[in-house]
Amino acid sequence: MEAPLLSETVEGAVDYKGRPAIRSETGRWRTSVFIIGVEIAERFSYFGIGSNLITYLTGPLQQSTVTAAVNVNTWTGVGSILPLFGAFVADAYLGRYRTIFFASLFYVLGLGLLTLSAVLPSITPPSCYNNTTSCHPPQYQIIFFFSSLYLVALAQGGHKPCVQAFGADQFDEQHPEECKSKSSFFNWWYFGMCGGIVCTNLILTYIQDNLNWGLGFGIPCVCMIVALAVFLFGTKTYRYSFNDDNENPFSRISQVIVAALRNWRTTPPTAVVDDEGGGTLLLCGANQFRFLDKALVATVSENSEEGWVACSINQVEEVKALLRLVPIWASCLVYAIVSAQYSTFFTKQGATMDRSIGSKFKIPAASLQTFCNLSIVLFMPVYDRVLIPVVRAFTKKSSGITTLQRIGIGILFSMITMVVAALVERKRLQTAIDSKIVDTLEAIVRMSVWWLVPQYILLGIADAFTMVGLQEFFYDQMPKGLKSVGISLYLSIFGVGNILSSFLVSALDNATGGDGHDSWFSNNLNRAHLDYFYWFLAGLSSLGLLFYLYFAKSYVYNRRYVV
């Protein structure tokens with residue numbers, strides 16, 4: 001067999017047998033469609049559990065509103081932090097393909113056990129399906145359920161940071177046509193992700209609320225089995241990226257930190273000569289974190305004639321790039337706290353309102369989350385084709401606005417969302433008072449559930465700005481060998497934000513309840529004060545926006561200059 005021409009191979013990529021990847025036989029759209037399909041199935045399955053989880057916890061598992069909200073936020077938070085571990089495993093050891101494969105197996109196992117916990121009569125008493133207050137599930141059932149639930153979170157930790165990066169690996173950035181296709185891939189990937197979530201909110205939530213929880217959990221399990229089969233079907237046509245130096249990117253980072261600590265008494269250099277290019281190199285933001293520049297100095301140990309090997313300037317700048325992301329990461333946590341409410345308290349609000357369509361059909365409260373994703377799908381073309389060209393005419397920038405500006409606009413929209421949510425909740429409470437049903441736990445407030453739609457739409461627009469902006473920002477600003485980690489860092493914002501939301505809800509519940517008084521999160525929402533909580537989050541968002549603007553203004557983008 002003749003060796004392929006150099007122009008026919010893709011630099012930095014191999015095929016499934018480890019040979020240089022041939023451009024015409026691997027990658028591009030014919031393989032990326034498999035990956036987009038896997039992403040649709042994964043989002044369908046994950047949100048098939050998460051979107052309506054609070055209903056299952058307060059129904060069959062008979063948990064209080066506060067406990068259920070805390071459990072949902074904690075599970076979502078852990079599931080969004082675990083991608084840091086998954087990205088580490090993928091970038092340092094297994095690679096993205098193997099990580100996706102093993103994560104998919106864990107997904108199937110977790111969803112299968114979750115289905116089992118909901119269908120076996122010996123595990124779930126029949127009375128639990130009727131959501132009766134007399135049903136108190138045994139402790140072993142709860143342990144079995146949450147073990148299965150966190151196995152799904154572990155699976156997402158390996159799946160989420162690798163799928164998008166692996167899909168992007170199918171396009172060669174150095175090839176003009178494939179570079180354009182790669183940009184389109186990100187658009188279709190996000191479109192497919194939202195499409196999977198919309199299907200979940202329209203189909204699975206109805207099945208779970210009106211038919212059977214076992215079926216509602218079993219369908220995502222079957223979906224992930226099919227997704228795994230589709231993913232494996234494309235194995236022979238994928239492109240697999242690799243590092244030429246085979247150096248662990250995490251060890252490069254640790255070497256800089258250790259070297260800087262060892263050289264803490266030395267004076268950092270003012271300029272560094274590039275061994276490859278022969279020029280003197282400086283980086284934008286070189287005056288930041290000057291302590292790390294000490295890692296560039298080769299020193300001799302006091303107890304040995306051997307000297308410590310100096311780190312390269314690229315190594316040092318990789319660590320600086322990571323540290324520059326920390327303030328942006330931290331200042332976006334409030335946005336994540338706000339985002340956590342749409343799958344918990346927004347859903348519980350909807351469950352107390354009139355959800356009838358016609359005389360017989362009643363929409364599930366969780367299905368209103370569809371408006372959040374629909375607003376993203378509908379707004380993105382307007383943003384890309386209308387808003388950006390208009391803004392570009394004023395800013396003279398090809399992107400119209402920077403990623404940091406885009407993120408800031410989304411945070412502003414999230415603050416407005418909380419203001420609208422507080423006003424709507426005040427209206428709902430007043431309607432309950434006027435109808436004299438405040439003390440009736442199961443009473444339906446004579447107020448249409450469509451009043452909640454604006455806050456879902458506003459939050460969707462906020463996500464279109466902030467979540468997409470964060471994704472692009474953390475991917476672009478990360479070093480080349482840590483792109484999966486960049487995606488996981490963006491996800492970890494929402495993981496930590498969900499956990500902070502859990503602590504916040506618990507603290508406010510303890511502070512506002514007791515002494516015979518109902519807390520802000522009373523099981524009887526007509527006696528609760530979610531409006532106060534939403535006003536609190538609106539104020540917190542305004543403070544978070546101020547901190548974000550301060551750090552965004554002083555942020556130095558990761559660009560390299562030769563002087």
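Note that Cβ sites are derived from N, Cα and C of the backbone, with glycine treated the same way.
The feature transmembrane segment is assigned by TrEMBL to 74-94, 101-120, 140-157, 188-207, 213-233, 322-343, 363-383, 404-424, 456-475, 487-508, 532-551.
Outside the transmembrane segment (363-383) by six or more residues, the chain places 51-52, 55, 187, 190-191, 194-195, 197-198, 201-202, 205-206, 208-210, 342-343, 346-351, 353, 355, 357, 449, 452-453, 456-457, 459-461, 463-464, 468 with a CB less than 8 A from a CB of the stretch. Using the rule of three or more Cβ pairs under 8 Å, pairs at least 6 apart in sequence, the transmembrane segment (404-424) is in contact with the transmembrane segment (532-551). Among the stretches 101-120, 140-157, 213-233, 456-475, 487-508, the one making the largest number of Cβ pairs under 8 Å with the transmembrane segment (532-551) is 487-508. Counting Cβ pairs under 8 Å that are 6 or more residues apart, the transmembrane segment (213-233) and the transmembrane segment (487-508) reach fewer than 3 and are not in contact.
Proximity of distant same-chain residues to the transmembrane segment (322-343), defined by a Cβ-Cβ separation under 8 Å and at least 6 residues beyond the stretch ends, is recorded for 50-51, 53-54, 72-73, 76, 253, 285, 288-289, 366, 369, 372, 404, 407, 410-411, 414-415, 417-418, 421, 455-456, 459, 462-463, 466, 470, 473-474, 477-479, 482, 489, 492-498, 500-501, 504, 534, 537, 540-541, 543-545, 547-548, 551-552, 555-556, 558. Taking pairs at least six residues apart, the transmembrane segment (140-157) and the transmembrane segment (487-508) share fewer than three Cβ pairs below 8 Å and do not count as touching.
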